[in-house]
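First comes the structure, then the notes that go with it.
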Number of protein chains: 2
Amino acid sequence: MPEAGSLRVALLGCGVVGTQVARLLTEHHDELAARVGATLEIVGIAVRNPDAPREQVTGTPLEPLLTADAEGLVARADVVVEVMGGIEPARTLLLSAIAHGASVVTANKALLAQDGPTLYAAADAAGVDLYFEAAVAGAIPIVRPVRESLAGDQVRRVLGIVNGTTNYVLDRMATEGLDLDVAVKEAQSLGYAEADPTADVEGFDAAAKAAILASLAFHTRVSLDDVAREGITSVTADDVASAASTGHVVKLLAIAERNRAADGTDGIQVRVHPALVPVTHPLAGVRGAYNAVFVEAESAGELMFYGRGAGGGPTASAVLGDVVSVARHRVLGGRGPVESWYADLPVLPATESRTRFQVRLEVVDRPGVLAQVAAVLAGHDVSIEAVRQTAGHAAADGHEVAALLLSTHAAPERALAATVEALEGLDVVREIVSVLRVEGS
Amino acid sequence: MPEAGSLRVALLGCGVVGTQVARLLTEHHDELAARVGATLEIVGIAVRNPDAPREQVTGTPLEPLLTADAEGLVARADVVVEVMGGIEPARTLLLSAIAHGASVVTANKALLAQDGPTLYAAADAAGVDLYFEAAVAGAIPIVRPVRESLAGDQVRRVLGIVNGTTNYVLDRMATEGLDLDVAVKEAQSLGYAEADPTADVEGFDAAAKAAILASLAFHTRVSLDDVAREGITSVTADDVASAASTGHVVKLLAIAERNRAADGTDGIQVRVHPALVPVTHPLAGVRGAYNAVFVEAESAGELMFYGRGAGGGPTASAVLGDVVSVARHRVLGGRGPVESWYADLPVLPATESRTRFQVRLEVVDRPGVLAQVAAVLAGHDVSIEAVRQTAGHAAADGHEVAALLLSTHAAPERALAATVEALEGLDVVREIVSVLRVEGS
């Protein structure tokens, strides 16, 4: 047992985030004690190889705390902080910590998106806290506001820029006119993107966060498999320039919304895809590698939370806020919010969503083309909001062609898909250049 | 005593916010019970005149709950929600509720700014919760993030747009070129401004919120008297246009920052004044009657919280989030964060602040004027960042005059004041048109 007035903290992982967590626990030792009502003592840091060379980031060397025996460590801690990432052994260690009666704090979005309900249920059964502010949007307090501040309200929709890498890439495409691959290389050279950028640019990272946000916002079990996902790899410099010409920016959005299916089913939808956002929308101003989560709630109206979504310091700040909360519960009693899926809404298929679209087409430049195109949309009950046609020019094959930009009113996803298929079948349509959803208007 | 599984909620006040709180408690009765672990039953609503006619906003009429006996009501409640506003009788009733062992939730910024420490100490001594998310920036979760999410971090600076009325007025001046009085009249006709707009336009409302934010962010007792305050009444359409010409917008900011005085004293500064904000800063995009609070913290970096700062629904949403938290503590044990002033930093006088300034002057249009002006700044150790001079024109009195716009690097407030005084004494200076601080760059 710890001495009176002291809590034993175990760290799992000592990478970029773990070392910053250790630094804050050490440097702010006295101030944290004042906030918690007990001192927080690091009793060990579990790493794969305790003998590997490490950068020293705190006044106190971490080496004496390092151990390869993670199982042994979690058995003798009051608070376990998991910042190792990945599914295993993180999952087993967290379940073991919970079984030993420790409170746990994790930054592991992949694990929560895949197996959150198992962890929540285990924590609930053991009567311990499971906190995970750092798992969504890094330093931005979003989990706590959604779980606690909005506990008396009803969330209608969450729109998030939750992946800093893709936001940086799209921002550079917009401001510098860069091509996607050039912007990705730039992000890699700055350390914003991994050598293999797949998890970011294909939207897997954003989808994991979307699943967690949807679970919290709608009190419904949502896993990664429920998220319709489309990355930014098909977004071109032309798409971004065309968006700007109509007063939009392209953002990769994680969207979770309450929706009603065509058959009347009340449910939710969770999806990640590039979208056009009006420049006047608060999300449009989120630049560089920043993240932001925009929430629409019944009574609160529109809220936005903005900040750094990644990085050692920002993530450690969110972890420490959670550590203080769970530690206070151990000192004063009480528990944080418990995830329960009492709403248990069905997750509707993506085909049930209704959005506005912008469709760019290359068409043969001759009279009557617009009438044919418009007839196809009308035939599928898709209402046109605006049409822009550029002056014709000669294509490589000598034909006179024109670019057509169609903006629609809100239409069902399935109607739009059928429309695009029908447009592809028209003789006068040479190419469907792009189809992008419009959100936040 | 309440029946098992039920908590008695007393409402003090039944105005715009009170009726919305009653509506949410009634309409979301079952969902709130699921989140709290007990039902929340309104046992009474204290109003001055229970017989006054009222609009019905809930399915259940509120009349049977109304009472003029507020003292009697707080004595039989588990949770007391104060949304009546004003200092008395709100203060006496909250202290009475605390003395009776009730947990309290208040939206009363004036009371907290004037007498918060008395209330916090009473709640701490009684071992009950005192929550007040709605007192700062309405629906925006800012109190909880600062008190809890950033509990392991160090706040360096808070910049807030915390008064929706003045933000609406300044926004209309910027976008429509309106004069201040026209924009204020428009805000009044839309219900954003009171018939007597003094509390808003003179910055009193923002100063109360600045005092509360500074207390939370720096763990230091800060009262309204500690806040240096300047409203927007001297801001002209010309100031706003001139700001735009240098890539800035004018915002009324509530600022609380960690600072070091000239004599080395480590302290904080709290002030409210109009300021130029670069258009690229996230606060610049906060339009209309919206509020936002921008926080700079050591580890988290830059964060921003955005949303509606006023209105019945938004404020009620924040109140309900607090009600759920304090009610959960009554069911499960535990307590929320306790305000303690352990940091106890001195509040430094406004003359100790260092900021960048923009000074607009009307000068006589002849060679050598700029050299004289520049010499005055150099003599006071104020470094010039940029100068813009418009082409000369004939003033009403026939003299050729020119407008000069000086942008300085960061300089001490006292040096700037001395500089302005010296400039006023120059023969070639006809008028100091405006002096505005630049923040957020």
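Residue numbers in this text run from 1 along the chain shown.
A Cβ is built for glycine as well, from the same backbone N, Cα and C atoms used for every other residue.
Taken from TrEMBL as is:
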BINDING   B:L12, B:G13, B:C14, B:G15, B:V16, B:V17, B:G18, B:T19  NADP(+) binding site
BINDING   B:K109  NADPH binding site
BINDING   B:E194  L-homoserine binding site
ACT_SITE  B:K209  active site, proton donor
DOMAIN    B:358-437  domain 'ACT'
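Shown here: features listed in TrEMBL, placed on the structure.
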residue	record	contacts (Cβ under 8 Å, 6+ apart)
B:L12	NADP(+) binding site	B:G18, B:I45, B:A46, B:A70, B:L73, B:V74, B:V80, B:V81, B:E82, B:V83, B:M84, B:A90, B:L93
B:G13	NADP(+) binding site	B:I45, B:A46, B:V47, B:E82, B:V83, B:M84, B:G85
B:C14	NADP(+) binding site	B:A22, B:I45, B:V47, B:R54, B:L62, B:L66
B:G15	NADP(+) binding site	B:V83, B:M84, B:G85
B:V16	NADP(+) binding site	B:G311, B:G312, B:T315
B:V17	NADP(+) binding site	B:V83, B:A107, B:A134, B:G312, B:T315, B:A316, B:V319
B:K109	NADPH binding site	B:A135, B:V136, B:D205, B:A208, B:K209, B:I212
B:E194	L-homoserine binding site	B:T165, B:Q188, B:D200
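Other Cβ atoms within 10 Å of the Cβ of the residue listed as 'active site, proton donor', summed over all protein chains shown, number 26. In the structure as shown, the Cβ atom of B:G18 (NADP(+) binding site) sits within 10 Å of 27 other Cβ atoms. Neighbours of the NADP(+) site: apart from B:L12, B:G13, B:C14, B:G15, B:V16, B:V17, B:G18, B:T19, residues of the same chain with C-beta atoms within 8 angstroms of the site's C-beta centroid are B:L11, B:Q20, B:V21, B:A22, B:I45, B:V83, B:M84. Residues belonging to the domain 'ACT' (B:358-437) score a mean pLDDT of 92 in the model. B:T19 (NADP(+) binding site) has a Cβ environment of 22 other Cβ atoms inside 10 Å. Shown for the domain 'ACT' (B:358-437): DSSP residue counts in helix, strand and coil, namely 23 helix, 35 strand, 22 coil.
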